[in-house]
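Going by TrEMBL, these are the annotated features:
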| type | residues | note |
| --- | --- | --- |
| DOMAIN | 70-511 | domain 'Major facilitator superfamily (MFS) profile' |
| TRANSMEM | 62-83 | transmembrane segment |
| TRANSMEM | 113-132 | transmembrane segment |
| TRANSMEM | 144-162 | transmembrane segment |
| TRANSMEM | 168-190 | transmembrane segment |
| TRANSMEM | 202-220 | transmembrane segment |
| TRANSMEM | 232-251 | transmembrane segment |
| TRANSMEM | 366-385 | transmembrane segment |
| TRANSMEM | 392-414 | transmembrane segment |
| TRANSMEM | 420-445 | transmembrane segment |
| TRANSMEM | 457-476 | transmembrane segment |
| TRANSMEM | 482-507 | transmembrane segment |
């Protein structure tokens, strides 16, 4: 143990002694020294007692009303990400129109259109890399404030762009905001939400992403016939970015991030503990005030037990429990992207049109239709995730995706005269994805990383997510030309089977556990 770790441990011991003197005057409070005497968990190692890692906690009182805003403002980062996806699909139609673009440079090549549509994706990749280096220094709250500023600047630069080069720069800046927001939002929500509703709240963030997509498609369809409508589409996200920034400025810092800094000797232990108590009271509401010191001390004791008083060197991230959490998190988001979702949605319009739906010729209407289905199924996942658990939703949903992918492959190879098969497979795929990989992937990566690794680990997972997204997007067209749609969907089905095996043998159940219990029991 190095000198910094000794200092952090000494500070904790001194703080514990202070707490003991304070709590002796109040018999209703638990002392830190008693935290390890509550009981033993099934994950006990070598006969050591785990402090409160057996599921027995102080009553986790909270106000539902107080829990809304710490979820809502970070979730706006997801809504803006979804809105960008929906609005861009309509903006490219507007900007290529000779009569409606309102610019002289409307005659764009496929590469230039690609830069507009994927500019934010490239920015998100850079944002994920930046998050790896600055996340634990800035903290979750300030990272989200930075994301809101980048969202605002990117939206305004894109909307007011005098030429293509400036527009692409604006898309890139907006994308960096996406990378930071999609990294920090699930962390902030996970670290501030009561464990009883943590799964529901983080899954609801995925609902906000889908809601943003539907809003983007809807607003885009209303503005697509207006001269320079694309400017209004991109500019429309500016007010939400301002609201997100003001909201995050008002919200307190994550108490767990403050306690991590205290444990690692990056500030005065007592001052950071008191600040964490104050933040926790604001996050949980007035009813929680009496229990806040007790929960903070529980978290400190659990962090000390699992070793979160030590910083993780870069090489250690690929060893032991750090490697296991990286495998789970990165594996989930990788399979989330390479099981064919962009490809299935690419064929949505032609599938519905072949089945006789006249509206299918309008790609925007198809997008809105599927977006509404996504909303419904994501809402269903939100309602049951904390009751059924993460694994049942993943295993059940991905099983449905496997069936739908093999049905789609069979349709394009053998059953092209039975379009109802393709329609059923399409709807089954979209619904099952939104029950499983859609919300649960983001939920699991926000829970599975140890606190001292969470900032860097989540940035790697987000980087894998956007990188795999880019890979699938670019590889789809050449693979379709080489293999044909039928074989390609069979290949996605085989990958989905591999993802089922991965989930069954590697991904743990985290329902009802605190973040510290997940680290102790699941890794």
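Placement of Cβ uses the backbone N, Cα and C atoms for every residue, glycine included.
A TrEMBL annotation is a machine prediction, not a hand-curated record.
With respect to Cβ pairs under 8 Å, the transmembrane segment (457-476) is most closely packed against 113-132, considering the stretches 62-83, 113-132, 168-190, 392-414. Long-range contacts of the transmembrane segment (232-251) within its own chain (CB-CB distance under 8 A, at least 6 residues past either end) are made by residues 69-70, 72-74, 76-77, 79-80, 83-84, 87, 90-91, 94, 141, 144-145, 147-149, 151-152, 155-156, 158-160, 170, 177, 216, 219-220, 223, 226, 282-283. Counting same-chain residues at least six beyond the ends of the transmembrane segment (366-385), those with a Cβ under 8 angstroms from any Cβ of the stretch are 86, 89, 199-200, 203-204, 206-207, 210-211, 213-214, 217-218, 221, 345, 348-349, 352, 359-360, 393, 427, 430-432, 434-436, 438-440, 443, 511. Counted as Cβ pairs under 8 Å, contacts with the transmembrane segment (202-220) are highest for 62-83 among 62-83, 144-162, 168-190, 482-507. By the Cβ criterion (distance under 8 Å, sequence gap of 6 or more), the transmembrane segment (392-414) is not counted as touching the transmembrane segment (113-132), fewer than 3 such pairs being found.
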